[in-house]
Amino acid sequence: MQKQCLPFRTESKQLVTLLPKGTFEQRQRENPLASLDDGLDLDFRFYVQWASLGLELELEVCEPSTDLQCWANFFLPFFVQTFPESSQFLFLILRDKRKRTCHRLALAGLSVGICWCPNAREGISDQSIYLRNNMSNSNPELEEKPPSPSTTPAAPLSSFSSSPPDPRPASEEDNVVASRYLIKRPKALQWFHNGTLERESEEERQAGRFELFLDLLYVALVANFAEDLAEHPSGAGLVKYLLIFAPAWHIWSDLREIMNSYYNDDLVQRGVILWVMALMVLYGNNARLVAEDIGAMRTVVGAFMTARLTVAGVYLISSFASFQHRTQARVMAGFIFVGLLIWIPLYFESVSLRAKIAVAVVGIVYHEVTWVITFGTWIKRHLKLEYSTAVDINHEIDRLAAFYIIVLGEYLYSIVVGDPAAIGLNMGLLKAVWTLIIAFCLNWLYVNGDGSLNSVHPIRRSVTTAFTFFTLHMPLAASLLVGGHICAVSAGQEDLDSGERWLMGGGLGVGMLCLWILAMLFHVQDSCELIMPKTPRVGMRLVVAIILVLLPLVDEERFDAVQLLSTVMGLIVFVTVWETVGGLRKDSKVYEKWEAGNPLSD
């Protein structure tokens, strides 16, 4: 069959010769500028015939650009006034030279038909999907490729009742392959310009592979500190644990901030991550011995100061490469350089251990205060900065959530490694399962947030809640690591001594307290749709936190390790069930009906 060709060039009106006689002229004559609000009743079969015609004729155009331009000149001026939401989409279809003309006409017809006949949208969604698939399958070389978001305006897809699938987001491996530079310029990823948030790219960021790799090392590091505390459960051991935990947290937090602000994943940045991780390994292998050996103390302080010096260098170099964060990056670098001087007395053996503890406390507090000053609103307001730092909120939430999950992973690691619950069914296995349930519920509570249907995250709510949210994760991780480690090691022990009981109850209690504060930082925007309001629903975390802290006061002879762990597990499960039920809608039902589980019969 000889292929026909649309007679575009002679006269645009010749288009109607391929349609039912008088149909197009009649519609145009009735009301050429009618809108949906005018209630114009149009025959949808007109558009279906138009779409089918394009597929049946398999039209071939010798000069696509000329013919389509002529047809578009006739078609678009009419619809751009009538249906502005569909005109841009139609134009993208018509100018796409990768598709055959028949397919362009078919999709154009369907688009217009759906706009003019809203009642027919549901019925034509399957046909539109079929046409899109037909375009890809008819010729592999003509398969549609998603346009570049930086060069092509996004077409409004509201014309379709069933939107096409989003293009596959570029993975980190794709970016590495596509990169042209081994060493890239450090670019600020987001910033404020006179109070307006701007981004280097609108693409959503996820936690990078090397960031997660860093998390694994850090959690292994601090889990080793928690194990040392479990072996020496005393007040002095707790103080040492906190003082070596906080500097390691600051190193991890510094890298998290850099990855959030300047992540470009080039050779230099990966090298910085590896270098700092090597310093953390050096730090972790000596931190447990700081109270017994001056050489270990000097090694730990030297590793920490070198890591902080590296971070300061990154901030300083990045300030020359990106003007958006320049002022605050240099201020932060200056604060770090000054803060390093605080730790110098720890090198001297003549300084007493108590004095060194005081110096370490001052250094830890100094870091927290200068971090808030540098990235808070105070410095922006007093220096009247035109450009200032901003955080990628979604990326920060993902990073902290991933870190929290890895912390809970230490619970699971400890109940498996070394076979503490072997052999068969025994009380050790029961305690291991209870530890698993505790970790599962703690993850449930964190992911649940405040349990509201609609709430504002603390990072988005205000500067105060944002800094509180970030800061609380340090005591949250430190306490849960200790409490969880005692729960896990109890699987291989007959009983727990007094110190271990206090570490378990205190660690899990402080962790639950932190989870309660985190939930209270959310701003609720629900309108009394849930069974329980936020305060009594989330307040159970505070009640259980107090009970957990006081639980070790019970006499050891009346309350053995199995009973203690069973009580702890029961309390945490109760909180989880309480919040889950209280967070349901008032009209919620237990079961959803299964009528739609099978296809409808003809």
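Glycine is treated like the rest: Cβ placed from N, Cα and C.
Computed from a predicted structure; not experimentally measured.
If you check TrEMBL, you get these features:
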REGION    135-172  region 'Disordered'
COMPBIAS  151-163  compositional bias 'Low complexity'
TRANSMEM  267-284  transmembrane segment
TRANSMEM  296-317  transmembrane segment
TRANSMEM  329-348  transmembrane segment
TRANSMEM  354-379  transmembrane segment
TRANSMEM  400-417  transmembrane segment
TRANSMEM  423-446  transmembrane segment
TRANSMEM  467-491  transmembrane segment
TRANSMEM  503-522  transmembrane segment
TRANSMEM  538-555  transmembrane segment
TRANSMEM  561-581  transmembrane segment
Pairs of Cβ atoms less than 8 Å apart decide it: which stretch in 296-317, 400-417, 423-446 has the most with the transmembrane segment (467-491)?
400-417
Which one, 267-284, 329-348, 354-379, 400-417, 561-581, has the most C-beta pairs under 8 Å toward the transmembrane segment (538-555)?
561-581
Beyond a gap of at least 6 residues from its ends, the CB atoms lying under 8 Å from the transmembrane segment (400-417) belong to 207, 212, 215-216, 218-219, 223, 226, 432, 435-436, 438-439, 442-443, 446-447, 470, 473, 476-477, 480-481, 484-485, 487-489, 491
